Amino acid sequence: MPLSAPLTREHFERLDRDDPLGASRARFDLPTGEIYLDGNSLGAMPAHVPARIEHVLKQEWAQGLIRSWNDADWYPAPQRTGGKIARLIGAQANEVIVADSTSINLFKVLVAATRMQPGRKVILGERGNFPTDVYVASGVAELTGCELRCVEPDEVLAALNDEVAILSLTHVNYKSGRRYDMAAITARAHEVGALVVWDLCHSAGAMPIDLNGAQADFAVGCGYKYLNGGPGAPAFVYVAERHIPHVRQPLTGWHGHARPFDFTHDYEAHPTIDRLLVGTAPQLGILALEAALEMFDGVDMQVLRNKSVALCDLFIQLCDEQLAGLGVELRSPRDAAQRGSQVSLAHANAYPVMQAVIARGVIGDFRAPDILRFGFAPLYNSYVNIWDSVQALREVLESGEWDSPEFIARKSVT
Ligand SMILES: Cc1ncc(COP(=O)(O)O)c(C=O)c1O
């Protein structure tokens, strides 16, 4: 519900005072004086993670050495951490495991799903999906003799037919923040006999997800965005319980074996979700992610979603009020029901504009060719952040300060 215009900073301060999630912000280690609106790219660091990792390094590794695989419970960390993510995505603990990266998990489930659909030769994807989803699907198509067919997002339902083996979609689009109706699309795909792979990179930890309720088949997602697992954190993979016995994933490493420590010659897939594992888990990354997930303990995901919607709605309302005539256009859906937890704006000089905004201490990011992207993480973004960030953007645009060589020169990571 829009607040009555014109908005003032006091409106936002009042919302912060009433925010049921307000206390969790202090449990993150964030630079003072800066506003971080890029948790959809790299989540902020929960303040307790360094102590946990220091313990892992100095005690469990340095002193425990190889014994820690057993004594410090390193070995079951992928299952344990997957179980914690399961609650956030509407799955059972035995359907989710942490492993590898999103790209690699996509490869594993796309091949496995294709193998479950003999006689069907189309992988249906969307134009404008995150590149790795398209690149991996094209690699899988080549490997399995399928055709990768990509359509515009609003053509997906019409493109579902009995040729389609797999529908591969990202729940919330990385660039526009547009969100698919997971339940409706999954139901339609099942009607034509297709299986669906959902990429949850931009939704896990940002909103309630109900994979089981939607009868979802497969899902993948990363640990370093809204789950705050740290740079390059391992990813997760979900397989519906009903499919697990039928999944033959292509990366048949020893940790996916039924009895890895028998060291037998022949591969035999583990009977559980463990068959999605490949090799030795990146322990430091998993243990950091596991610790970071404590930030979600006791958090009602619907309360988190309500705040996410309010942050995005208010950001849009303020942009309408304060940026009119400054060359900015909304590129995310106005309707919250069709949106994730980010707002994207287009501007002809988006790259230097974002650099100038960052120089003022408001950190968002740029996506080619012309998108200013602002991600809202309800666990650590405040309402006043919305007011202050739009003021910074307005000042950058009005002053033209972005038009300077230091902001125009492209860095390698945008
Ligand atoms: C939708 C989506 N899928 C996948 C990835 C990245 O995959 P990986 O962690 O393998 O680099 C991203 C990264 O931003 C993404 O937005």
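Every residue, even glycine, has its Cβ placed from backbone N, Cα and C.
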Same pyridoxal 5'-phosphate site per TrEMBL - residue from THR32, THR81, THR272, THR280 joining THR102, SER103, PHE130, PRO131, THR132, ASP133, THR170, ASP199, HIS202, TYR224, TRP254: THR280
For pyridoxal 5'-phosphate, whose listed binding residues are THR102, SER103, PHE130, PRO131, THR132, ASP133, THR170, ASP199, HIS202, TYR224, TRP254, THR280, the greatest C-alpha pairwise distance in Å: 31
Residues that sit under 8 angstroms from THR132 (pyridoxal 5'-phosphate binding site) by C-beta distance, when 6+ apart in the chain: THR102, SER103, LEU106
Residues that sit under 8 angstroms from LYS225 (N6-(pyridoxal phosphate)lysine) by C-beta distance, when 6+ apart in the chain: GLY39, ASN40, SER41, LEU42, GLY43, CYS201, HIS202, ALA204, GLY205, ALA206, GLY375
Structural state of THR102 (pyridoxal 5'-phosphate binding site), classified by DSSP into three states: helix
Neighbourhood of ligand 1 - recorded positions from PHE130, THR132, THR170, LYS225, TRP254 with Cβ under 6 Å: PHE130, THR132, THR170
CB within-chain contacts under 8 A for TRP254 (pyridoxal 5'-phosphate binding site), separation at least 6: PRO260, GLY279
THR170 (pyridoxal 5'-phosphate binding site): secondary structure state under DSSP, collapsed to three categories: strand
